[in-house]
Amino acid sequence: MTDGLGVSVGCAVGIPCGVAVLVAVIFWYYMQRKFKKEIEDDEESMSGDGTISFTNLHSMRVPDNPEKDLPVSHVVGGSTSSDNTTTAQNVATAGQMEAQQSQPSKKPKNTYMPAYRKRLNSSLSTLQHQDEQRSPTDSSSTSLDTKNQNGRAHSTVLDQMIPVLAQDDNAAAASSEFSLTHERTSSNDNLIKNLHNHDFGSYPKRRSSGNLTGMISGNVSSASVHTRTSSVHSGKKNNENVFDTPNSQKFHEAVAPSEEDAESKGMRSYYMLKNNYDVENASQIAEEDQYENEFTNYSESKREFINSLRPKKN
């Protein structure tokens, strides 16, 4: 009974674990094959300056057939000499024939080519045909051809991935002229609108001088203005101490009082914090403090605090 129970438990646990491990190994093997295949396909595209070769891009490549220097045969007979040289077209034709003969015959692959790739191939073939039909005497076409050849010599991945479609020269010139004139007129219109509508930090209009003088005279002659004794309109020297506490003195002086009026008003009622104490009594206040009153007697509070720290006598 015990052996049967162990076998059943082992089968119930071991069989699912074995199947799971087997499935994991199979998936790992297929993934490794897939990764290896992708790495082999992307070997050429990993380098930034390398050429890109896809399975459907063989028709887009332009065969570079450099002209080979063939020996020139000179036949000299008597007083006459004839030079038998081959033309450039014959050399190019011979090179293409040799390349075709040297390459082994390949079976065409049945690969799917999307519509945009077909259209791209047709546009490239049309562009190549137009370049061949151009006259070599045209300076503009010659300069363009030389630029294209230099570009092909040092092509990058970006140059190969972005196609260049054919365009009519007349249409390109007309569109460029129209765009230039349109941009010029639109820029001028925008500049004029901005000049009219833009606020260059404008300030409000200046008030008239008559209103300002009226306002100044009214403020000066007003009797409700309360100023300090050190005001510019006061003819008497200021006797107020800046270190004293604020007082409740009320100034009812005129704008420009005379010295006699100031002397007649010599007796004024000042309110200062030191008036709450008897300054002559030194036992109550050791030193005069203008900010001390009956609620904030700092000297007395300090004395009481020090006395509280001393040991008490029993």
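We number each residue from 1, going along the chain as drawn.
Every residue, even glycine, has its Cβ placed from backbone N, Cα and C.
Feature annotations, courtesy of Swiss-Prot:
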| type | residues | note |
| --- | --- | --- |
| TOPO_DOM | 1-8 | topological domain 'Extracellular' |
| TRANSMEM | 9-29 | transmembrane segment |
| TOPO_DOM | 30-314 | topological domain 'Cytoplasmic' |
| REGION | 41-86 | region 'Disordered' |
| COMPBIAS | 48-58 | compositional bias 'Polar residues' |
| REGION | 125-151 | region 'Disordered' |
| COMPBIAS | 136-146 | compositional bias 'Low complexity' |
| REGION | 230-266 | region 'Disordered' |
| COMPBIAS | 240-249 | compositional bias 'Polar residues' |
Folded-back contacts onto the transmembrane segment (9-29), same chain, C-beta under 8 angstroms, at least six residues removed: none
Averaged pLDDT score, the topological domain 'Extracellular' (1-8): 76
